[in-house]
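Listed in Swiss-Prot:
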BINDING   Lys141, Glu178, Tyr179, Asp187, Arg211, Ser212, Asn213  ATP binding site
BINDING   Asp248, Glu260  Mg(2+) 1 binding site
BINDING   Asp248, Glu260  Mn(2+) 1 binding site
BINDING   Glu260, Asn262  Mg(2+) 2 binding site
BINDING   Glu260, Asn262  Mn(2+) 2 binding site
DOMAIN    104-287  domain 'ATP-grasp'
Amino acid sequence: MKIAILSRDGTLYSCKRLREAAMKRGHLVEILDPLSCYMNISPAASSIHYKGRQLPHFDAVIPRIGSAITFYGTAALRQFEMLGSYPLNESVAITRARDKLRSLQLLARQGIDLPVTGIAHSPDDTSDLIDMVGGAPLVVKLVEGTQGIGVVLAETRQAAESVIDAFRGLNAHILVQEYIKEARGRDIRCLVVGDEVVAAIERRAKEGDFRSNLHRGGMASIASITPREREIAIKAAQTMGLDVAGVDILRAERGPLVMEVNASPGLEGVEKTTGVDIAGRMIQWIERHATPEFCLKTGG
């Protein structure tokens, strides 16, 4: 097969591993910067171009689109989809998962347990919002934040009010969530491919922090997950419509709680911690699903 990887930086670990895994299985691979793709959108001659040339048909496209370029990156991916390429994560699923508020609403509708979450626009509702999530300590999150950026633990009610007011002063969209104290700065990252959790790690926050993101200096170890955690991770990914997802779960006294569903999970931390060939599993999923029937169905 001919596979395109959409990424701004082909030297990143995940891109290199996906390229390596695909080539090892006999596929042709090209890494394309989505911001250098441009499109002709017309009924008779839709096409996609790259650095002065019209791109050929790709059997499959692997999106590695960062949150900063979600709008244009998913537009480029959507054009590949329209031309019959199989996407490992559809554009609509990526945009759904990137919207933190929408994704939490969808997960809640499916009965998937979450930390109690509140959102309000008016400053008049701040007090009720804090009460809604159980009072302080609580977590304030930027809706647009990633990798632990824009996440603040407010230890007291006064601190919570100050943080919320400060974010509002910047015209930022925020969520307020209950603080799961018993998680002790730990969470479980489940890597889902299709209908299977192929690997899971426990992430631990560095000393003095409560954010367990590896990008923030957190540590990782292999996690043994329960059947319930496995079921919830798969259901969360499927609710977003994602073939590949990193599902972050907090272990609370009342049971596992989904914190976030990541549409473009990094492979380095999970592969190096567990030894699982996740890139290979992703390519195998493409091989099973990027069929001629798919191309006919989508008009390719």
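Including glycine, each Cβ sits where the backbone N, Cα and C put it.
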For Lys141 (ATP binding site): intrachain residues, at least 6 apart, with Cβ closer than 8 Å: Lys100, Gly150, Val151, Val152, Ile174, Leu175, Val176, Gln177
Segment-level pLDDT (mean, integer) for the domain 'ATP-grasp' (104-287): 91
Neighbours of Asp248 (Mg(2+) 1 binding site) among the binding-site residues Glu178, Tyr179, Asp187, Asn262 (Cα to Cα, within 10 Å): Asp187, Asn262
Per-residue Cβ crowding (10 Å cut-off), top of binding-site residues Glu178, Asp187, Asp248, Glu260: Asp187
Asn262 (Mg(2+) 2 binding site), number of other Cβ atoms within 10 Å: 21
Distance, Asp187 (ATP binding site) to Asn262 (Mg(2+) 2 binding site) (CA atoms, angstrom): 14
DSSP state at Asp248 (Mg(2+) 1 binding site), helix/strand/coil: strand
Distant-in-sequence Cβ neighbours of Tyr179 (ATP binding site), under 8 Å, six or more positions away: Ala136, Pro137, Leu138, Val139, Leu153
Distance [Cα-Cα, Å, rounded] between Glu178 (ATP binding site) and Glu260 (Mg(2+) 1 binding site): 14
Reduced DSSP assignment, Tyr179 (ATP binding site): coil
Cα distance (Å, whole number) from Glu260 (Mg(2+) 1 binding site) to Asp187 (ATP binding site): 11
